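Here is what TrEMBL says about this protein:
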type	residues	note
TRANSMEM	B:57-79	transmembrane segment
TRANSMEM	B:100-118	transmembrane segment
TRANSMEM	B:138-156	transmembrane segment
TRANSMEM	B:168-192	transmembrane segment
TRANSMEM	B:212-232	transmembrane segment
TRANSMEM	B:253-276	transmembrane segment
TRANSMEM	B:303-324	transmembrane segment
TRANSMEM	B:351-372	transmembrane segment
TRANSMEM	B:378-401	transmembrane segment
TRANSMEM	B:413-433	transmembrane segment
TRANSMEM	B:439-456	transmembrane segment
Protein chains: 2
Amino acid sequence: MSFFHLVAGKPLATSEERAEHIGPISGIPVFGLDALSSAAYGPEAALTLLIPLGMAGIAHIVPISFAIIALLAIVFFSYRQTIEAYPNGGGSYTVASENLGETAGLLAAAALMIDYILNAAVGISAGVEALVSAFPSLLPHTLAFCLGILAILTLINMRGTKDTGIAFLIPTYMFIGTLLFVLGLGAFRVIASHGHPIPVIAPPRLPIATSMLSLWLLAKVFSSGCAAMTGVEAVSNGVAAFREPTQRNAKKTLTIIIVLLMVLLGGIALLCRAYSIGATDPTSAGYQSVLSQLLAAVIGRGWFYYIGSASILLVLALSANTSYADFPRLTRAIAMHDYLPHVFKIRGRRLLYSHGIVALVGFTAALLIAFGGITDRLIPLFAIGAFLAFTLSQAGMVIHWKNQTGPGRHYRMIVNGIGAVATGITLLVVLVAKFASGAWIVAILIPLLMFLMIGIKRHYKGVETATATDCPIRVDNLASPLVIVPLDRWSRITEKGLRFAMKLSDHVEAVHVDAEECRNEVDAMWNRNVAAPLAQAGREVPKLVFVPSPYRFVLMPLVDHIFQIEREHPDRQIAVLVPELVVKHWWQAPLHNQRAQLLKLLLLLRGNQRIMVINIPWYL
Amino acid sequence: MSFFHLVAGKPLATSEERAEHIGPISGIPVFGLDALSSAAYGPEAALTLLIPLGMAGIAHIVPISFAIIALLAIVFFSYRQTIEAYPNGGGSYTVASENLGETAGLLAAAALMIDYILNAAVGISAGVEALVSAFPSLLPHTLAFCLGILAILTLINMRGTKDTGIAFLIPTYMFIGTLLFVLGLGAFRVIASHGHPIPVIAPPRLPIATSMLSLWLLAKVFSSGCAAMTGVEAVSNGVAAFREPTQRNAKKTLTIIIVLLMVLLGGIALLCRAYSIGATDPTSAGYQSVLSQLLAAVIGRGWFYYIGSASILLVLALSANTSYADFPRLTRAIAMHDYLPHVFKIRGRRLLYSHGIVALVGFTAALLIAFGGITDRLIPLFAIGAFLAFTLSQAGMVIHWKNQTGPGRHYRMIVNGIGAVATGITLLVVLVAKFASGAWIVAILIPLLMFLMIGIKRHYKGVETATATDCPIRVDNLASPLVIVPLDRWSRITEKGLRFAMKLSDHVEAVHVDAEECRNEVDAMWNRNVAAPLAQAGREVPKLVFVPSPYRFVLMPLVDHIFQIEREHPDRQIAVLVPELVVKHWWQAPLHNQRAQLLKLLLLLRGNQRIMVINIPWYL
């Protein structure tokens with residue numbers, strides 16, 4: 001197992017779990033990564049839709065970016081209040097189900113699940129786009145790089161969150177630092193050149209305009225740009241992770257994150273206009289990301305460019321990591337309410353809800369493959385889930401304040417109300433503007449997921465009703481069960497099984513399926529090794545039964561015989577002993593126990609309430 | 001399960017198994033398909049290598065085909081004698097291991113396994129080539145068609161051999177009929193035109209010669225053509241399937257098959273020369289199989305052409321079926337001698353050795369994918385296994401006769417000896433001629449497989465030694481075990497488990513992991529439902545133990561507690577009761593029992609000889 005340990009980390013003992021309480025400095029990488037990295041693909045997504053307008057299109061990025069920044073400000077004030085109201089963390093699922101009822105909670109749950117999966121897919125694909133912008137020859141391998149990064153992230157995460165925390169700090173601050181530096185330098189050049197800076201490396205020439213500006217196009221551009229807002233709810237989810245004073249630290253962190261995001265979005269928009277940087281077609285060979293063009297224009301393709309690109313790639317890939325941390329927590333919370341399989345509640349060997357991670361990785365890989373690892377195709381699916389969750393969360397907060405007493409609740413209701421209305425309207429705009437280009441997938445998936453969750457809950461409820469009882473234990477008929485021991489040749493395993501059967505019950509029956517016609521030998525073995533010594537010790541000798549098998553089958557006659565015994569003893573329980581060999585190395589496993597497994601399966605499938613299986617392990 | 005039944009067939013009861021005894025009429029399709037279908041790809045494989053010689057190359061196909069026919073005659077007389085000596089079926093593995101020792105047997109086993117896999121791959125890929133010759137637009141989808149046919153064959157075979165027998169008859173005789181008709185008509189036209197027939201549809205013009213004839217080239221052409229001889233050992237394998245007089249019927253069938261194969265090979269060679277038909281590059285767009293060209297040249301591309309092509313496709317696909325019948329039987333025979341995992345001995349729900357089929361399909365699919373479904377690339381790997389098996393089988397027969405007494409044994413030794421020498425020399429020629437173009441893969445795989453088989457045998461022997469004992473059963477310390485019942489809330493499942501535990505032992509301990517801090521409730525429940533009624537009935541009340549779980553884990557504290565109990569009672573066995581919910585529909589399975597499975601796994605991995613698991617099924 002040592003190779004597995006090396007890769008997946010040693011299993012953690014329970015006592016190693018403790019909350020690491022953090023302040024704003026490490027809070028920004030942990031909770032802000034997702035939000036800040038959106039600055040890398042949000043403006044790009046908006047600019048891509050402006051390509052058909054040619055040169056004239058770029059000017060529109062500035063008002064649209066500032067509209068998004070204004071929306072961001074509204075959301076900021078809303079979430080500050082959520083932090084105050086839910087010191088243990090107020091995710092959209094919690095807030096919506098507590099204040100708006102179960103259906104709203106499920107709606108938020110479905111939206112969030114989809115959103116986390118999309119976040120992982122978009123983070124990775126946008127990171128790979130930063131990579132292929134720096135090294136254009138890698139473009140044909142986009143999907144392979146996406147899946148590779150997904151695999152690496154999964155490995156890191158399967159080792160546990162403790163190890164991942166440190167990996168965040170440096171790239172996040174490098175990303176913020178390089179971008180702020182480039183934006184600052186660019187702004188200085190723009191001012192120094194009176195608004196007409198000369199790019200160090202000119203961005204690709206913009207295509208000739210092929211269409212005109214329309215309100216519809218602007219709505220679509222705004223909708224795509226809203227992808228930049230995803231991830232801002234992370235802090236309010238994780239309030240409990242901050243150190244005392246918890247809520248003040250959380251709010252401080254949220255403020256820094258949002259202000260930084262606003263500066264990045266505004267700066268990128270202004271510089272794009274000043275340097276005439278537009279998006280390029282991500283499927284064509286000349287593709288270069290907007291940030292890559294911006295870096296090259298301001299500072300050239302020197303070492304700084306490559307450091308900047310590397311930090312963008314890293315931060316985007318790591319922003320996918322938010323999903324690894326939050327998706328399993330979300331599925332666990334939903335499973336706690338019986339809306340998802342209970343397996344999502346089980347923590348794995350590294351204190352992780354590993355089934356959640358497996359589900360996340362599976363869906364993300366499927367998304368990446370289906371959309372070829374191209375961010376631009378994923379964006380239309382993206383913002384819906386986030387804005388649906390925003391809206392439900394803010395609307396839930398309105399009800400929350402309504403049910404509170406005390407001063408200032410009306411003011412707070414209004415703040416959250418403005419947030420709910422603003423994000424709600426945005427949600428509608430995004431849904432309509434992006435419906436045809438992919439949002440319909442999400443619009444179908446969300447109700448499907450909700451139906452699935454309701455079905456799961458109904459199943460669990462049904463099982464609970466079927467097995468619930470208030471009756472005390474019945475005290476009649478506590479006779480020991482009939483124990484059946486399949487017998488082949490005499491071995492230490494057979495001896496152990498037979499002894500254990502005799503410990504359990506006075507009614508032991510050894511069964512030999514006579515597939516090889518060696519009845520006499522088995523008889524002799526039985527007399528020598530079992531019957532004689534037991535009789536000598538004055539103990540009851542178990543019955544030995546031969547089951548004929550004209551066709552040399554072993555399992556079927558055995559199972560038939562067990563069911564015959566079961567029919568002959570309608571008042572007793574039957575226990576079937578199944579020895580199982582435990583091998584030293586995993587690769588020896590295929591050599592053993594398949595017959596035992598098949599016997600267990602057959603008994604389970606054809607079985608009834610009265611037949612039990614007892615596993616006798618034998619360690620080599 | 002009904003959809004599964006529809007696809008996979010109902011499970012067969014044991015009594016439905018019986019040997020279907022057959023005569024020559026149905027023996028030819030069943031045992032001759034593999035051999036006869038080789039006529040479709042053997043000549044083609046030889047002609048492909050003659051492409052560089054251009055027009056001049058085609059003439060060489062005639063002497064090479066007749067050399068192969070002569071070899072076929074030698075092998076024929078050899079195998080007649082094997083049928084006489086092994087009335088229960090003398091496969092190469094049996095004959096070699098019985099007469100030449102285990103190592104030779106393993107060599108034959110490895111060769112045969114590889115050969116069966118290659119036979120399936122080549123049959124399918126050659127069939128698909130017949131298809132794309134008829135419909136050239138399908139060429140880019142060659143691999144997809146190969147995998148599709150593999151899937152269909154697997155489905156048919158998973159339904160059981162009984163259903164497949166009938167499917168063989170019609171296409172086999174259609175194949176023989178159409179080919180004999182075309183060869184006859186072609187021969188007539190050749191004679192009528194004094195050796196210069198005019199093709200109905202002219203075959204593609206042959207390329208200009210780019211190389212000269214060499215002995216080396218001839219050796220390679222001969223080696224490729226030898227692929228036509230694969231499959232002739234089938235009758236001697238399956239003698240037992242024939243009806244009385246068994247051996248005479250088997251020999252009659254073998255004779256018909258070999259004579260038919262000789263006629264087909266000779267006829268194809270002669271007509272190819274007369275019509276100037278050569279092979280075409282299977283990877284180029286203008287590809288057309290040799291048989292397709294021959295059909296078109298003799299009879300045109302009318303309905304007969306399409307019927308002929310269809311029968312070729314069917315027969316080749318069905319010839320892959322031989323592997324489905326024989327590979328699992330072979331792996332079973334090897335597993336009987338402990339050289340392969342015992343799982344290959346288990347018969348499945350339709351009386352098949354289904355694990356063998358799964359292995360065959362997996363490897364065949366891998367081969368088809370690796371070689372792009374192109375027959376020509378697979379051929380160099382093909383003949384080695386077959387000729388190695390021929391040689392070992394004939395050499396084994398020589399020893400067999402040597403150990404016999406009675407008249408005629410010297411004559412028989414000589415016949416088999418000639419067979420062994422002839423096939424042995426061919427094997428060497430094939431190995432040398434084809435080494436660089438793929439035979440090296442087989443030359444590496446065979447010893448690897450042998451090592452693997454020897455390793456498996458050693459492991460089984462080791463386990464047997466480790467568990468073997470001659471000591472009779474120990475009669476001391478037969479006190480009932482300590483039974484541990486994990487307890488959550490009170491339900492009918494809990495009641496059943498607790499009752500069963502009390503039936504098994506007087507020492508029952510219920511364990512509640514207090515992850516949710518509801519100790520008082522559990523205590524009250526226990527008193528009300530268990531302690532009070534049992535005390536009233538004058539029965540011993542099981543112990544209730546609370547295990548604290550500060551981190552809200554459930555499994556780990558439970559497992560730790562079980563091991564603590566195990567340490568505290570070094571003289572007793574511990575049985576852990578694990579309730580398992582059996583759901584009505586397979587898709588409900590992911591909703592249950594994962595915690596139970598994990599508990600079992602943890603106990604097994606960390607466990608020891610004294611901890612047993614008792615499964616209590618609960619049927620909904």
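Numbering starts at 1 and runs along the chain as displayed.
Glycine is treated like the rest: Cβ placed from N, Cα and C.
Beyond its flanks by at least six residues, the transmembrane segment (B:138-156) meets 7-8, 120, 124-125, 127-129, 131-132, 163-164, 167, 285, 287, 317, 320-321, 324, 357, 361, 364-365, 368-369, 372-374 of its own chain at Cβ-Cβ distances under 8 Å. In this chain, the transmembrane segment (B:303-324) lies in contact with the transmembrane segment (B:168-192); the count of Cβ pairs under 8 Å, excluding pairs fewer than 6 apart in sequence, is at least 3.
Sequence-distant residue pairs (6 or more apart) of the transmembrane segment (B:378-401) and the transmembrane segment (B:439-456) include at least 3 whose Cβ atoms are under 8 Å, placing the two stretches in contact.
Among the recorded stretches B:253-276, B:351-372, B:413-433, the one sharing the largest number of Cβ pairs closer than 8 Å with the transmembrane segment (B:439-456) is B:413-433. Ranked by number of Cβ pairs under 8 Å to the transmembrane segment (B:413-433), the listed stretches B:57-79, B:100-118, B:253-276 are led by B:57-79. Away from its own ends, the transmembrane segment (B:100-118) comes close to residues 91-93, 230, 322-323, 326-327, 330-331, 334, 339, 360, 363-364, 367, 378, 381-382, 384-386, 388-389, 392-393, 395-396, 399, 442, 445-447, 449-450, 453-454 of its chain (Cβ-Cβ under 8 Å, at least six residues beyond either end). Through the fold, the transmembrane segment (B:303-324) approaches residues 33-34, 36-38, 40-41, 116-117, 119-124, 126-128, 130-131, 133-134, 149-150, 153-154, 156-157, 164, 167-168, 171-172, 174-175, 178-179, 182, 231, 234, 291-292, 295-296, 357, 360, 364 of its own chain, all at least 6 residues removed from its boundaries and within a Cβ separation under 8 Å.
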